[in-house]
Amino acid sequence: MKITVIGAGNVGATTAFRIADKKLARELVLLDVVEGIPQGKGLDMYETGPVGLFDTKITGSNDYADTADSDIVIITAGLPRKPGMTREDLLMKNAGIVKEVTDNIMKHSKNPIIIVVSNPLDIMTHVAWVRSGLPKERVIGMAGVLDAARFRSFIAMELGVSMQDINACVLGGHGDAMVPVVKYTTVAGIPISDLLPAETIDKLVERTRNGGAEIVEHLKQGSAFYSPGSSVVEMVESIVLDRKRVLPCAVGLEGQYGIDKTFVGVPVKLGRNGVEQIYEINLDQADLDLLQKSAKIVDENCKMLESTIG
């Protein structure tokens, strides 16, 4: 199994290291446009092998030729939003980056599974799908896995229980448009509504929506990377080991939930072939309305990018 991570920043490097540490790849490529960064980080990771007991071949590179014949490619490359930059500016710049990255990936790998982490997530996943020409089941956005992990973490803090006993369902877009579905959120099988008052649940939902911003506020510079990197690796593990995990991911819908031709976060089965099944679960009307609203925002932004992405 050969896995490539595009972007050697905090998210990309964390993702690459966890893939190596969990022995999910025989060969791992960390690629970045900045000379020396992927080479240095790649070598540092490789030198942990004797301690971590893994033999993954790790290559740091600036050349897409080194990514040839990758089975999985993870795109973390992109710019953060800077002061004075409008959302439209960020969209255009990152769409250009993801377009170029995807074009280069496809020159060297015929049929990879592409996992997109770059923001705005759902829209960048659409860009990667359009440019790659791959079937929708092979282009996946990492969104709900991270959002659900944050929701679970906050519930565990509130109740003082193990995170392992908490299951959470978060659908929709990554960010303000996410839809944490309370009725499918449980603690050891017990509905969260039986354990916490509605106003406390509402506060946890709101904290989940602002989870990324909360970390940015603490850090002052930069954003989250341990939790996004770990969330990507949960997806990679299900694909590589063909575990058939049911995880919330941004995928291209074709009529499910009344949404068509739009990438949005819903529960899917992830296996060796990528998205092997999309689950259309029963939603309350309020949650369905929020999900469709989230999809509409994604669709509008994608239409704005049509001339950019070709």
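Quick reminder: no glycine exception, Cβ is built from N, Cα and C everywhere.
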Further binder of NAD(+) named by Swiss-Prot next to GLY7, ALA8, GLY9, ASN10, VAL11, GLY12, ASN94, VAL117, SER118, ASN119, taken from the candidates ASP21, ASP32, ASP103: ASP32
Binding-site residues compared (GLY7, GLY9) - the one with the fewest other Cβ atoms within 10 Å: GLY9
Local backbone state of ASN119 (NAD(+) binding site), from DSSP in three classes: coil
Span of GLY7, ALA8, GLY9, ASN10, VAL11, GLY12, ASP32, ASN94, VAL117, SER118, ASN119 around NAD(+) - largest C-alpha separation, Å: 17
